[in-house]
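Have a look at the structure below, then the notes.
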Ligand SMILES: Nc1c(NC[C@H](O)[C@H](O)[C@H](O)CO)[nH]c(=O)[nH]c1=O
Ligand SMILES: CC(=O)[C@@H](O)COP(=O)(O)O
């Protein structure tokens, strides 16, 4: 697997624009809080590291990854943010529920972004087990929260450059 070959958060911080001018929403799911809490810390700290102001970060919590869809939609409808970062962790159980949740969240978040013409960043882990999730929430494969924050800054900067 490609992910076994490198830290998935391996990117050059020199290519990340300053986030000082931007405002971000972070929606974090409570399901698998040990993982999503680590994703949130990674994302929040990464935004600050790239000059985003604390007062320009609006964080809200939702029950599960499926509610990220409504959370992102409400955030974009009610707050003037440049991008929304959605953080969740869906872990395979005994049934096909995993498949339905993952597909719904991926497609739902994409549609919310198109509806509002704003970047909605998919920071949702979809793993076979808890260990795979922990490896990607500050473990050997980096932190998807970091990646999501960097992506949000880059997309906000892109949006500005195209204005
Ligand atoms: N099993 C996981 C869930 N399930 C809950 C759904 O996300 C949703 O809250 C429920 O179906 C009610 O609408 N959520 C996760 O984030 N992670 C899981 O592993
Ligand atoms: C992804 C889920 O909703 C899953 O964790 C639920 O577990 P199960 O498929 O055993 O009901």
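Note: Cβ is positioned from N, Cα and C throughout, glycine not excepted.
Because TrEMBL annotations are produced automatically, they should be read as predictions rather than curated entries.
TrEMBL lists 97 with the feature active site, proton donor. Around residue 97 (active site, proton donor), there are no C-beta neighbours below 8 angstroms that are at least 6 residues distant in the chain.
Residues annotated as 5-amino-6-(D-ribitylamino)uracil binding site in TrEMBL: 31, 65, 66, 67, 89, 90, 91, 122. Within 10 Å of the C-beta of residue 31 (5-amino-6-(D-ribitylamino)uracil binding site) there are 17 other C-beta atoms, taking all protein chains into account.
Per TrEMBL, the feature (2S)-2-hydroxy-3-oxobutyl phosphate binding site maps to 94, 95, 136. DSSP assigns residue 136 ((2S)-2-hydroxy-3-oxobutyl phosphate binding site) to coil in the three-state reduction, placing it in neither a helix nor a strand. If you draw a 10 Å sphere around the CB of residue 136 ((2S)-2-hydroxy-3-oxobutyl phosphate binding site), it holds 26 other CB atoms from the protein chains shown.
In the vicinity of ligand 2, defined as a Cβ distance under 6 Å, the following of the recorded positions 31, 95, 97, 122 are placed: 95, 97. Within 10 Å of the C-beta of residue 89 (5-amino-6-(D-ribitylamino)uracil binding site) we count 29 further C-beta atoms, all protein chains included.
With the fewest other Cβ atoms inside 10 Å of its Cβ, the least crowded of the binding-site residues 67, 94 in this structure is 94.
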